[in-house]
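Copied over from TrEMBL, here are the features:
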type: COMPBIAS; residues: 1-15; note: compositional bias 'Polar residues'
type: REGION; residues: 1-21; note: region 'Disordered'
type: TRANSMEM; residues: 27-47; note: transmembrane segment
type: TRANSMEM; residues: 53-70; note: transmembrane segment
type: TRANSMEM; residues: 77-97; note: transmembrane segment
type: TRANSMEM; residues: 103-130; note: transmembrane segment
type: TRANSMEM; residues: 142-164; note: transmembrane segment
type: TRANSMEM; residues: 184-205; note: transmembrane segment
type: TRANSMEM; residues: 217-235; note: transmembrane segment
type: DOMAIN; residues: 243-493; note: domain 'CN hydrolase'
C-alpha cells in the first residue's frame, strides 16, 4: 500500500505532515485455506516432473505457493512450507520405496520437507519487508520478484549441497527439459532458469495485485520476461567432427537385490554387445556397474579385453574398484585393441564425485546404526568420494563423464566442459528403480545437460531407458526400459563453452548469498527507518 500524508496540529497552532503508516500486505488467504492450497501446489509441481512431465504445471504450482506466503507470519510460512515440502518430496522421490521400503523414503521426505519449510520463511519476509523498504512500482515489480526468485533459487542451491552433499534433484529448471523454454538454459544454466521462472511468476502476481487494467505498464515486466524465455535461442557451439559410438544396454540382473550368478552382469552386457562387432565404432560404452573389479579379477579382465578387441575400439565401462583402503565407483577406458589387458596405472579412470548417502555409503555410520541397524547393515561397503577430473580421451577426443546421480551436480558437468569435453557420456544403473519415475527424471536431467552445454549426450543405463541426445535436446536414438539392445550413432563433437557453464557457480553463489544479503538489508531498512504513528 502506498503511503500518503495527513496533518497533525502542533502546540504552536501550526500543522506538520506525517506520513501514513505503510503496513505489510494482508494475507491473500487465511491459513486454513493456504494449507490445502500448498498441498495442491505440491501435487501440481510433481506433475511437472517426469513421468507426467507437464511443464506448464511448474508456473501454476509456483504461483500458488507464492500466493500462500503473501502476508504470512514466520510460523505461518513454516506451516505452509511443511505441507508443500512433505507432499511434494513424498511424491517426487516415491521411487525410493521400490526395494528398501518406506523408511528411507520417509526419512528423505522429512529432511527435504523440513528444509523446504525453513526456506519459506525468507520468502514470507520478503513479501513483508520489500514493499516497506522500497515502496513504489520499482520495489513491487522489480525488486520484490527478483528477491523472491533469488531466495527460491538459493534454497534450491542449499538443498543441492547440504546435508551430505545435498540432492539437487528438484530444481525448477529441470522441469523445462521438454518445454519451449529449454534453450534458455544454455545461457543461464539450471539455477538461472529457476530464477527466471520464479521472477516471471512473482512479477505476474504483483501485476495483478496492482490492478494492471488501470495501470498497464507493470504488466510489461512479466510479459517481457516470458517473451525472453520463449524466444531466446540456444547458444551456438561449433561442430568439429564426429565419433562413432556403440552404447550397450544389457538389461542384466544389476539391481542390489537381484538374484544372479557370478559374472551375470558382464555376461548380459557382452551378449548385448554383439551387434557392435559388425560396426566400425570408435568407442563402446557400457553403463554403470559390473560384477567385480577388473583390475583384480582375471576372468573379468579377459572378458573386457575380448569385447574391446572384437570391437576394435576401447570400452568405457564401470565397476567398483579398490585403491589402497578405499573403494570407488569407477569408470575406466579399457583399451585392449592390441589384445593385452591394460594395467591400472595405464588406464584412464574417473571415480564418482558424489556417492549417494545411504545408497553407496553411510555417513556417520555409528550414529545411524543406532537408529536403523538393519537398514544400515545392508550396506556393507562405503564408497569414497572421487576427486579426479571427469574426463577421458578417446582417439584424441576429450569425452566428459558423469556417473549416475553425478549428472545432477553442476560442478561435475562444468569441470569436464571446461577441460575441453566435446562429447558427454552418462553411465547409470537404474535397476533398483525399475518401473518408477526415477529413470525418466534422470533422463530429463540428461536432456537439460545436452542443451545447457551444447554437447551431444550419450545416456546409457543398465536396464533403460537409454538415449543419445543432440545438443538441441532432441533424441537421436534410444532404447526402452527392460530391453537389451545397442545404440549406434555418429555423435557430433562440439567445442565452445556456453555462458551457462561459465556462470553456473556464480549464479548459485549470487542467488544464495545475494538473496539472503538483500533480505537482511531490506529488513534493516524497515527496522531502522523513521517510525510513524500507527506503524507495525
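Note that Cβ sites are derived from N, Cα and C of the backbone, with glycine treated the same way.
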Item to check | Chain residues outside the transmembrane segment (217-235) and at least six past its termini with a C-beta under 8 angstroms from it | outcome: 137, 140-142, 145, 180-181, 183-184, 186-187, 196-197, 199-201, 203-204, 206-207, 210, 451, 454, 471-472, 496, 498-500
Item to check | Cβ-Cβ under 8 Å with the transmembrane segment (184-205): same-chain residues at least 6 beyond its ends | outcome: 58-59, 62-63, 66-67, 70, 141-142, 144-146, 148-150, 152-153, 156-157, 171-174, 176, 221-222, 225-226, 228-229, 232, 234-235, 410, 448, 451-454, 498-501, 503-504, 507-508, 511
Checklist outcome for this item: Beyond a gap of at least 6 residues from its ends, the CB atoms lying under 8 Å from the transmembrane segment (103-130) belong to 24-25, 66, 69-74, 76-82, 84-86, 88-90, 93-94, 96-97, 139, 143-144, 147-148, 151-152, 155, 158-159, 163, 167, 170, 358, 372, 375, 515-516, 519, 522-523, 525-526
Checklist entry - Are there residues at least 6 beyond the ends of the transmembrane segment (53-70) whose Cβ is under 8 Å from a Cβ of it, and what are they? => result 25, 27-29, 34-35, 37-38, 40-42, 44-45, 47, 77, 80, 84, 120, 123-124, 127, 148, 152, 172, 175-179, 181, 197-198, 200-202, 204-205, 440, 444
Item to check | Mean predicted confidence [pLDDT] for the domain 'CN hydrolase' (243-493) | outcome: 94
